[in-house]
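Visitor: Would you mind keeping the following structure in view while I ask a few things?
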DNA sequence: CCGTATCCACATCGATACTG
DNA sequence: CAGTATCGATGTGGATACGG
């Protein structure tokens with residue numbers, strides 16, 4: 001990873017659209033997956049029902065789906081104990097544990113910086129309000145969906161010698177020097 | 001909510017369903033956001049067009065949307081330079097930089113462990129194949145959506161004295177002792 | 001208890017068209 | 001260049017019903 005970065009290992013690169021690691025990035029970035037990793041890392045193996053209560057608001061579907069994917073990816077093991085009430089425990093594998101550190105940091109960052117983010121949002125909304133009207137009604141247009149307003153006479157290309165104008169009227173947050 | 005379990009800091013807890021930090025966790029776990037953070041952290045400020053090419057496969061819509069959200073959350077700044085071709089640069093804020101370390105680890109973990117995950121998947125699919133039929137056609141059902149097969153006579157509860165049986169016929173990956 | 005299957009409202013996202 | 005707006009296919013996820 002020192003210089004130009006491409007000879008040490010058969011490297012994966014998440015910046016590449018086709019690289020499998022990008023999908024993996026998506027998977028491990030999932031809300032439920034990250035919470036599950038942290039929960040399982042925090043207190044040993046956990047039963048399905050314990051996870052249900054530990055991770056508030058998760059539905060059976062999402063819980064099972066996430067656990068299944070994690071099991072398939074080798075992040076957790078699933079152990080069935082055929083006791084009287086059937087019991088199933090989930091536990092992090094070594095691979096899963098290697099993710100734990102990162103996930104903890106992710107969750108902690110979110111919790112630690114929540115207030116700063118909130119402040120930033122408030123400031124942003126204060127300076128930018130008006131751009132996003134409350135949109136009270138769906139669409140103030142006539143009852144019939146304006147089907148003809150769509151096309152509109154295509155005006156012939158009027159002198160595009162401007163190429164791209166400097167007179168920018170778009171959204172502005174900060175302006176630099178030309 | 002007020003009484004037990006917290007007074008040290010006005011703590012956020014992502015395990016709680018209603019905690020705002022959970023949504024934040026969702027946001028920063030987003031594929032595009034994480035790639036953007038890493039890209040911007042890697043080489044200074046970047047222009048919109050540079051991000052387009054740097055992060056392969058991202059659409060205008062997702063790029064703009066992600067950048068906008070990140071700007072609102074105080075993770076990046078947006079600087080407009082009214083030069084001849086209009087130019088817009090995005091740069092990490094201090095808050096954004098504090099996320100960089102975690103994001104780098106996340107992306108690196110994905111790239112470093114991709115092969116292990118692949119192996120785990122292959123192993124899983126080998127032991128579990130048959131559970132997921134190739135589903136060749138969409139749905140072999142008749143043209144009309146089978147509307148009556150839905151209900152089916154609800155059978156009266158037959159002796160549930162078993163409560164929950166031990167004779168588990170479900171999916172088994174590993175079995176523990178009773 | 002530990003799931004699976006289905007329905008369906010809603011969010012996501014790519015493609016496309018257009019604009020300052 | 002750097003967006004915005006809209007459409008439509010697809011995905012996501014909760015609610016519900018049911019089964020070993």
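Cβ coordinates are placed from backbone N, Cα and C, and glycine is handled just like the others.
Straight out of TrEMBL:
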DOMAIN    A:19-118  domain 'HTH hxlR-type'
REGION    A:128-151  region 'Disordered'
Visitor: Where does the mean pLDDT land for the domain 'HTH hxlR-type' (A:19-118)?
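Guide: The answer is 95, the mean pLDDT of the model over that range.
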Visitor: Mind tallying the domain 'HTH hxlR-type' (A:19-118) by DSSP state, helix then strand then coil?
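Guide: When I sort the residues of the domain 'HTH hxlR-type' (A:19-118) into the three classes, I find 66 helix, 14 strand, 20 coil.
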